[in-house]
């Protein structure tokens, strides 16, 4: 998701490169790392990104009344002082056409812009006569900055206030993009001086960060206050660039607490009659909380504690009917909402707080992010069978730990390896705690259990796939679960393998073939799929028998190899989809539906298995042939004739030559060509 957002940002910058006097500022949760992608329509992941288009040809200079600078006010002229680089101190000086003066509006956080000398009184008539109307600026900006060619993969956009919103779709991801036009204030505004000067007992943000933020100034965007009768002539200060700096300075745990709470609130508010909440309020609340409490205290607390503390802090703001802007504390961002609406939102947030575990369960169910899916939902388990709920969590922790161990190998990113292993170790310990709790029913109170889970940071040293698989096997043997639940665990392990197993499409296959081959045949991936096949046959053979009996016209996969037979049974269950978990085997860690793509998954799988288990590869080619309504030989020949990775081509030839039933389909000429190609490939690989 991050890569997609960055690519879109680069596309926008490229589009603006030939447009004179334009600068692009990127912000929003997608760039700040402050979001959990939301699943929409059960199919596509969704996040957001904001883009501010800055017209750099216009220069802004702030006007300061004498009483604000210690001088005496001339009531007759309402004389103003101009502040900023190249300030005009002589009222008779000609004003450049590209200079706009900033005058405070009636509401904190908002201003008027005018190209007139700073002499006129800022009453309503003067504002209407002399100040820039924000809608005219928006119209002229849209004409001068053509972005239409960026919307080719977007749904039709909509105009909401000062912004233009589109939904950009690519593959399995949607990005809600908001474009807003604005102007740059080179100097930090006087209205926000209090942010620089206020006392910070916890020293967050630090002096250097405050200086860096204030030195870069801010922006104004063409939107007026809801409380103003001059709204069309007002502009709002925007501190998006400053917020981006602050957000990116946060630790991952702090970002996660905010992201989880935002996701929960947005998900839960859909079914409630309360519309005051805005995610920007929560981000503002996060900054206020960190400033008052300090970031060190948050680093020492569990995720659940941080989420609840942030939620209580937010409720406190709404309770007071005052959500202060972080940079301009006098600006109450909800003063235009009725007390009744604010009260409804307070009530809704308290309900979420009082049932936060259920809210979280509903969120992860809706977004289909659990790798292991039991027959009953998490919320039902939590209400009716807490032991089953803990059991479900335990297996999900272990399967997620497995994914954390495999992911750095798949991504070949050593910089994330240590973090992933720490997460895997923590999840494994949590699973052990939950296993003990379910075996000793009633021995731990719920709060004690949560405390034990939050303390399980990195107690397992050097976690490995074998350690995870051994724990899973031990727990399955003692838990004696339903057949469908044991099947869910085995299939979830296989799905993690399917999502992360090596592929010849990896970028190192040509540049460093020896290193890539070592990665390709790494035994930990083979261990995972063979474990899943073995366990599924041991506990869930009844499901395979059900599929074979009920699937009229289904595939007839054949093999005489013992390990491949177990794998064949697992593959039949995946193709037959008799359970919810079988339907969720999509080769993705993040989605539960991938209709029409199974033939691609089996083709990539077959290509990988050629290198680690030839007989399992043969079974998979049979499955692909069934899905494509082709012969098995023709599917293997696709790899032989069109494959781009020579070792795969060679192994595919070896597979054909190892099977009499496949050789029988070859003409004498085809057989001769196959032997010749085998010789050529061996020669190329030995000399290369």
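Cβ atoms here come from the backbone N, Cα and C positions, even for glycine.
Going by Swiss-Prot, these are the annotated features:
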type: BINDING; residues: 29, 240, 241, 242, 243, 262, 279, 280, 281, 282, 283; note: ATP binding site
type: BINDING; residues: 48, 176, 178; note: Mg(2+) binding site
type: BINDING; residues: 176, 178, 236, 237, 238, 239, 240, 241, 242, 243; note: GTP binding site
type: BINDING; residues: 290, 291; note: Mn(2+) binding site
Of the binding-site residues 48, 176, 178, 242, 290, 291, within 10 Å of residue 29 (ATP binding site) (CA to CA), in sequence order, we find 48
Cβ neighbour count (within 10 Å, all chains shown) around residue 291 (Mn(2+) binding site):
19
Between residue 283 (ATP binding site) and residue 238 (GTP binding site): CA-CA distance (Å):
14
Across the binding-site residues (241, 242, 290), the Cβ with the fewest other Cβ atoms inside 10 Å is that of 241
Based on the record's binding annotation for ATP (29, 240, 241, 242, 243, 262, 279, 280, 281, 282, 283), what whole-number value in Å is the widest Cα to Cα distance?
21
If you count Cβ atoms within 10 Å of the Cβ of residue 279 (ATP binding site), leaving out that atom itself, what do you get?
18
DSSP-derived structure type at residue 178 (Mg(2+) binding site), helix or strand or else coil
strand
Near Mg(2+): residues not in 48, 176, 178 with Cβ within 8 Å of the site Cβ centroid are 28, 30, 47, 49, 50, 165, 175, 177
What's the CA-CA gap between residue 236 (GTP binding site) and residue 291 (Mn(2+) binding site) in angstrom, rounded?
24
Whole-number Å only: compute the distance from the Cα of residue 290 (Mn(2+) binding site) to the Cα of residue 243 (ATP binding site).
13
Cα-to-Cα gap, residue 176 (Mg(2+) binding site) vs residue 279 (ATP binding site), nearest whole Å
14
Please work out the number of neighbouring Cβ atoms within 10 Å of the Cβ of residue 240 (GTP binding site), leaving out its own Cβ.
20
Using a 10 Å cut-off, grab the number of neighbouring Cβ atoms around the Cβ of residue 236 (GTP binding site), all chains included.
22
Here the Cα-Cα span from residue 48 (Mg(2+) binding site) to residue 242 (GTP binding site), rounded to a whole number of angstrom, reaches 18
Name the residues of the same chain, 6+ apart in sequence, whose Cβ is under 8 Å from the Cβ of residue 283 (ATP binding site)?
29, 34, 243, 247, 258
Between the C-alpha atoms of residue 240 (GTP binding site) and residue 178 (Mg(2+) binding site), the distance in angstrom, to the nearest integer, is 13
